[in-house]
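Novice: Handing you this structure, nothing more for now.
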Amino acid sequence: MAKDIKFSEEARRAMLRGVDALADAVKVTLGPKGRNVVLEKKFGSPLITNDGVTIAKEIELEDAFENMGAKLVAEVASKTNDVAGDGTTTATVLAQAMIREGLKNVTAGANPVGVRKGMEQAVTVAIENLKEISKPIEGKESIAQVAAISAADEEVGSLIAEAMERVGNDGVITIEESKGFTTELEVVEGMQFDRGYASPYMVTDSDKMEAVLDNPYILITDKKITNIQEILPVLEQVVQQGKPLLLIAEDVEGEALATLVVNKLRGTFNAVAVKAPGFGDRRKAMLEDISVLTGGEVITEDLGLDLKSTEIGQLGRASKVVVTKENTTIVEGAGDTEKIAARVNQIRAQVEETTSEFDREKLQERLAKLAGGVAVIKVGAATETELKERKLRIEDALNSTRAAVEEGIVSGGGTALVNVYNKVAAVEAEGDAQTGINIVLRALEEPIRQIAHNAGLEGSVIVERLKNEKIGVGFNAATGEWVNMIEKGIVDPTKVTRSALQNAASVAAMLLTTEAVVADKPEENAGGAGMPDMGGMGGMGGMM
């Protein structure tokens, strides 16, 4: 296919048009008085949202060169979302400001490579200073403030804070759609996995159709059990203790299952059999997790262990186990605290190393199950459109809160970026590198300008006053007052602000050093091509 090539100024101008088209659509959502954007959906009702990355992903421009510019800025939003989970609109606004200012200077004759060097220098200083003014997040109240600012909803803030308090910072918090109008929190304590009882005859509560075992022994194996003789020795030891048994195996069937059911019905012995969770290597890892949590051993031939010679000391313990048709929950496993902590650290290291998003998700689930539990925020709303918009906001708020716990918080509302302005301005460089520093300085003002603009105010006036205020004092666009931002709970996670600035500068520097852009030439529509002559088809009647 033939290619269309544009060079230097012409190429950069075309890409800038694309950058502006996308950024102008995204930046109207910034701040407490930001507006919404309506996105057309091929099927179903339109999506109304103020989430920067969702809007950025939807934008496709007809002109190939403009579209490339738009996609580069969409990449800034997407990368910031991946790293910090929020701050996508701020990142887009910063990128647009840097690209615009940068192109003005490059057009005027500045060397793009020198400009890039200055920008990198300025961003490094800005990030160091952001870390210096960052404050660690402490207590449920601070967590609630971060979440409330991100979701623009205090109720959501307190829900997320409660969820994090209940399941810990490593706990899994999932967001689901509810059928009701209200948003609620549901917490599953202990380790839960998605396998239920092997037979409904094993239930102890026939109303709820669940089996509840108090202080049970837990036998964990990766073998399939069909013959009761294999587990008879250990069963007899458990019966002597007068305790119930949870049997986790690859499968329990045939004579073994029948014997367990008959003994349960006769009241001789209470045992519940469940299949092991997961598949393949993940199953082995999950069985190992259960064994660490309960203080037992995995009876597997890989370790030279045999079911027939299993002793009661090799079984795990827990204060309670609840088994339903679909799930098994182990509460308060009797495992060694140090071993559990070591296992948690091992899984954390695997999370850091893995490149697969799916593997990372599964590892984080395992981490949460060992570390404390799972919380589910069930989002409710009056209409489907409102539900989708609310769900996106809560996801952002949750990501934002996690980022705050990780790296601390800074003053919100664009204040922190202006707070580091003077330190960046003090950096001295020569020639085009100084131009690069000036570009970053101008960009640092842009988020607060846009927040003020969206609130119907003049951004320049707000910026100039903010530069002369004490660090931490900022403009609350929601009320129009000058306040101590952290005291009022108007905060941003340091990680979000840092990621937005780094990613914006990275893409802006790349675009400024672009000298040629190559795109596919649009195909000419062959106007009257139609179908080839099919006159010979007339003779097909003879085929009948």
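Using the three backbone atoms N, Cα and C, a Cβ is placed for every residue, glycine included.
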Novice: From G157, G408, G413, grab the residue that Swiss-Prot records in the same ATP site as T29, L30, G31, P32, D86, G87, T88, T89, T90, N476, A477, A478, D492.
Specialist: G413
Novice: Within 10 angstroms of the C-beta of T88 (ATP binding site), what count of other C-beta atoms is obtained when all protein chains are considered?
Specialist: 30
Novice: Per residue, counting other C-beta atoms within 10 angstroms of the C-beta, which of the binding-site residues T29, T90, N476 reaches the highest number?
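Specialist: It comes out as T90.
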Novice: Could you say which of the binding-site residues D86, A478 has its Cβ with the most other Cβ atoms inside 10 Å?
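Specialist: Per the Cβ count, the most surrounded site is D86.
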Novice: Tell me the Cβ neighbour count for G31 (ATP binding site), meaning other Cβ atoms within 10 Å of its Cβ, over all protein chains shown.
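Specialist: Here the count is 25.
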